Amino acid sequence: MTAPKVGINGFGRIGRLVLRAAIEKGTCQVVAINDPFIDLDYMAYMLKYDSTHGRYAGDVSIKDGKLQVDGNSITVFAHRDPAEIPWATAAADYIVEATGVFTLKDKAAAHFKGGAKKVVISAPSKDAPMFVCGVNEAKYTPDLDIISNASCTTNCLAPLVKVIHEKYGIEEGLMTTVHATTATQKTVDGPSNKDWRGGRGRGRNIIPSSTGAAKAVGKVMPELNGKLTGMAFRVPTPDVSVVDLTVRLASETTYEDIKATMKAAADDSMKGIMKYTEDAVVSTDFIHDDASCIFDASAGIMLNSKFCKLVAWYDNEWGYSNRVVDLIAHISKVQ
């Protein structure tokens, strides 16, 4: 079966890393990129050099008005309106909507006017069905034309929650994500009418913030709807975040048994999605880790046989971008 042909709308952090991941994995072929704010020369530069993930190891060049990456010829568009992007001229069937702007179904549907067949939104969506690899991707059906890959935090939390809930049952839980800074934050204090704290300078503050990541687990695992919620602390690091899940279990257990359960999942049912470590790790140890969730066995604690705190790391850029590629590869095989 030939690799699905992919177009990327928005060549920001996720857009560029989805391209890297697609080429590295070889399961998807990126044939087109649309970004009205970046010209072709700058696009090549931004792909080649990355302050967090390092210089691109392959060949990046420009030929005949197209971006050339490791022998892949990629058509480049510069349209602000998704409805004007001629995806069909580049044979792009699967569109990664990575602008962060067109996250509602009616907005994302504009891609169909240019010939797209499926749209995967690389962000949470209020009305598009959300899928998390390793959790509920098997529920995807071919009639779904617009779907969401959820958020990077939900991609870390949901596999962790799935393993725990299936073994012990979850009565209720609170999640905190200590989250790396992102491009939407201010470098220095600036106006942010909807979120006053979010307008404070990202380089010198720990900033409490809201997140729908925990509630979103209820959308991919309906049996947990209403049982989880959470919040975030934005911290001045460029990449890698960590989930802190405090959870009340339905059945009694020990922390040693939880560790064994998580390790078994990482080695089997969640292989490729989840990893397990007992090492004395810190955040930079997971830069460019392609897992959705790395369970930190040495960081968790247990108050009693039904109440525990579980810790899991994730590269909120690279791990998530790999799941976007995996999700496209999966849905392309579902007929």
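Including glycine, each Cβ sits where the backbone N, Cα and C put it.
Since this is a predicted model, take the numbers as computed values, not measurements.
There are 26 other Cβ atoms within 10 Å of the Cβ belonging to ILE14 (NAD(+) binding site). The feature NAD(+) binding site is assigned by Swiss-Prot to ARG13, ILE14, ASP35, ARG80, ASN316.
With a 10 A radius on its CB, GLY212 (D-glyceraldehyde 3-phosphate binding site) counts 17 other CB atoms from all the protein chains. Mapped onto three states, the DSSP output places GLY212 (D-glyceraldehyde 3-phosphate binding site) in coil. Annotation comment: Swiss-Prot describes SER151, CYS152, THR153, THR182, THR211, GLY212, ARG234 as D-glyceraldehyde 3-phosphate binding site.
Within the same chain, the residues at least 6 positions away from CYS152 (D-glyceraldehyde 3-phosphate binding site) whose Cβ sits under 8 Å from its Cβ are SER241, TYR314, ASN316, GLU317, GLY319, TYR320, listed in sequence order. Mapped onto three states, the DSSP output places CYS152 (D-glyceraldehyde 3-phosphate binding site) in helix. The feature active site, nucleophile is assigned by Swiss-Prot to CYS152.
According to Swiss-Prot, the site 'Activates thiol group during catalysis' annotation covers HIS179. Counting every protein chain shown, the Cβ of HIS179 (site 'Activates thiol group during catalysis') has 23 other Cβ atoms within 10 Å.
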Residues that sit under 8 angstroms from ARG80 (NAD(+) binding site) by C-beta distance, when 6+ apart in the chain: PRO36
Non-site residues, in chain order, whose CB comes within 8 A of the mean position of the CB atoms of SER151, CYS152, THR153, THR182, THR211, GLY212, ARG234 at D-glyceraldehyde 3-phosphate: THR177, HIS179, ALA213, ALA232, SER241, ASN316
Where ILE14 (NAD(+) binding site) falls in three-state DSSP terms: helix
Pairwise Cα distance for ASP35 (NAD(+) binding site)/GLY212 (D-glyceraldehyde 3-phosphate binding site) [Å, integer]: 27
Spatial neighbours, same chain, of THR211 (D-glyceraldehyde 3-phosphate binding site) - Cβ under 8 Å, 6+ residues apart: SER151, THR153, THR177, HIS179, GLY230, MET231, ALA232
